[in-house]
Amino acid sequence: LFDGIYPFYPQQRKAAVFDISTIIVIVVFLTLACSFLLIIPGIRGRARLYWTLRVLLSLFVGVVIVVVQFTGDWETGWVQANTSYKSFSPVQVNADIGLHIGLAGVNVTLRGNPVNQINETINYNEHFPWNFGADYDRSYSQGLQKGLPSPILYVAEKFSTQSPCAVHRQYRIAGHYASATLWVAFCTWIISNILFSMPVLIYGGYMLLVTGAFMIFSLLSFSTVRNSPMCLIQIGTSTLHVAYGGSFWLMVAVGLLCFVLGITIVAMHHLNLDLLKTFFDLREDNAEEYQEMPEVFINPHFVNKGL
């Protein structure tokens, strides 16, 4: 033994805490936000507040659009039950079984109550991908070969292509189109920021509306999975039910935020353009551009020569 670990046998599976892709995206956007906060003291007057509000709101929308691509809580469900832990064994454990469905796959969580039971640490989080390019059935077969606990294999089997539930294809296609629509929303978000910086304010507002529309389209695409009846996931005497999770409702909130901001910008362009230019720090530039000269000086030498 080496510190209690067998050298030639695989170690016990551990629960995943954070997704690496999510951490990378958050770090990138936090770096952009911190970089802006370093230069914000150089902006004078009320424009400093306006710049801070615009940049932080824009970065928040951008990071949400990208992060939800990698999260696994578009649909979630938890249940506590007494269930068998291993196949062909009558021993039962009390555990929390969680189901987390994302755009790219499904995570099944098993956590014991307490964690240490039957001389083992029961704390698992297994991912089974179904995005294009991934083989869900192969991941499920690998789980069988590893000897994963029975509750995890039972829940994962419900989403396989061979399952009588027949929800694999629906979830896979819905997640694919929802992800593609979100990437389009990310592109329109970039275009809206470019238009605001040019500045073409009303067209930036229009693109912000388009961004919100594509975010809502992604939600509608994912919601099509409810058209297929979901099989009951019966674990012991309890039933595992799923409902829309945090990522779904976050997308609803941010999509509505984009609609509100876009409509506000378009309305202000037609109702109070000066106030809109003040918020985008453009009023002083335009005032200098169209400022009339109060006094004109003429050189009498050229006037005498008829020039």
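Heads up, the Cβ atoms here are built off N, Cα and C, so glycines get one too.
Given the structure is predicted, the values throughout are model-derived calculations rather than measurements.
What TrEMBL says about this one:
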| type | residues | note |
| --- | --- | --- |
| TRANSMEM | 20-39 | transmembrane segment |
| TRANSMEM | 51-70 | transmembrane segment |
| TRANSMEM | 177-196 | transmembrane segment |
| TRANSMEM | 203-222 | transmembrane segment |
| TRANSMEM | 242-267 | transmembrane segment |
Which residues, given as numbers and ranges, are at least 6 beyond the ends of the transmembrane segment (51-70) yet have a Cβ under 8 Å from it? 19, 21-22, 25-26, 29, 32-33, 36, 40, 43, 102-104, 179, 182-183, 185-186, 189-190, 193, 196, 211, 215, 247, 250-251, 254, 257-258, 261, 279-281
The answer for the transmembrane segment (177-196), taking Cβ pairs under 8 Å and residues 6+ beyond its ends, is 54, 58, 61-62, 65-66, 68-69, 103-104, 131, 203-205, 207-208, 210-211, 214-215, 217-219, 221-222, 280
